[in-house]
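> Sending over a structure as structure tokens; questions will come in a sec.
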């Protein structure tokens with residue numbers, strides 16, 4: 001296999017990764033499909049040719065190299081039009097795929113659940129449909145039919161397009177069923193009084209390693225791109241005793257194909273259900289800042305617009321979500337860089353420098369999460385009927401009980417509690433309770449967000 005990264009003149013800007021860094025990332029993508037790499041090259045391109053992408057001189061040079069080394073696959077680390085792909089294959093005498101096709105191959109290899117397989121197939125078919133023009137001459141033929149497979153004179157390309165459309169429609173129906181099941185699971189989680197913390201980040205930034213470190217789980221965490229495709233959820237207990245759900249999600253990458261973003265949207269939207277988003281960054285990577293921007297761009301596409309202060313995301317329905325940046329892989333940095341990263345984290349309350357591999361700094365992240373959630377707690381007094389053992393047990397398990405007293409109508413609990421968790425519980429099983437809440441602890445907007453009614457607000 002030969003890997004080519006076209007370096008187009010005038011395309012680079014201070015915010016764009018260097019050609020060398022882009023080639024290194026593309027090499028990582030190529031190695032993920034376990035094909036022998038003969039060589040990887042940066043190809044300077046003054047002007048993109050609409051027919052063959054490259055100029056005739058460069059194509060002739062590459063064709064000689066491909067013939068001599070008997071290379072049968074060429075990967076272009078860019079997007080190619082169907083016409084460009086077809087013409088390049090003819091000129092080079094080898095199979096040609098672009099960056100989108102490469103990432104689709106990786107996702108197809110990594111998918112391990114039915115939902116993941118369907119999402120990858122949907123993305124594949126959407127991609128293939130747009131490229132039927134590149135197919136061989138048999139697609140130019142006219143074909144007759146018996147009526148049930150297409151009318152007289154239907155071309156082969158039309159028949160292929162129709163078959164793809166039918167399969168896409170079938171997959172979408174199946175995905176609706178899977179998504180409905182995911183929605184039911186999500187609804188059950190929403191009823192549970194546990195905040196959800198979502199790990200997001202660039203692929204290979206160390207999300208799964210951090211997930212395993214925090215949950216003591218065994219999610220596949222390897223030094224490879226897109227090791228995780230399907231979201232994984234585990235419960236962990238914070239130092240305060242508060243239980244939270246930690247979610248590991250698919251990694252992002254620069255120029256993530258739009259077909260994949262669309263196909264995996266239901267999976268990516270798990271992030272929208274989070275109460276806190278933890279952005280795991282590879283601080284040892286030379287393009288860490290650019291990778292950060294790529295991740296934030298995908299989150300914005302999902303509806304989570306980053307705030308200017310970098311400490312929160314604007315949720316389309318739930319206001320601001322806290323955002324924590326973890327500067328991961330400090331074990332790979334020298335002492336001076338480690339000190340600089342630690343100083344940066346200290347200056348920003350929403351940053352933590354750590355190594356998911358060695359565990360250094362992971363306790364700081366846990367403490368930060370615990371403190372952030374505790375800061376959202378409110379103090380309130382709840383009168384619980386004497387016979388309502390379920391509510392009394394819930395308060396003891398999920399709140400910080402400050403005082404317990406006896407009243408005429410029942411037990412009076414003064415607690416500090418997560419208002420959202422309390423609202424979930426009160427909505428589903430809190431009949432007969434009366435809440436008395438201090439105005440200085442919770443304003444009207446917070447009450448509305450938590451779903452707490454007028455009785456509590458007036459008390």
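Cβ atoms are placed via backbone N, Cα and C, with glycine included.
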> Between 400-429, 430-459, which stretch does TrEMBL give the note region 'Disordered'?
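Of 400-429, 430-459, TrEMBL gives region 'Disordered' for 430-459.
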> Looking at Cβ-Cβ distances, which residues of the chain lie under 8 angstroms from residue 329 (GTP binding site) while being 6 or more apart from it?
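Residues satisfying the criterion: 205, 206, 282, 283, 284, 285, 355, 356, 357.
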> Over the domain 'Hflx-type G' (195-377), work out the mean pLDDT and round it to an integer.
85
> Would you identify the secondary structure of residue 201 (GTP binding site) according to DSSP, in three states?
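In the DSSP reduction, residue 201 (GTP binding site) maps to strand.
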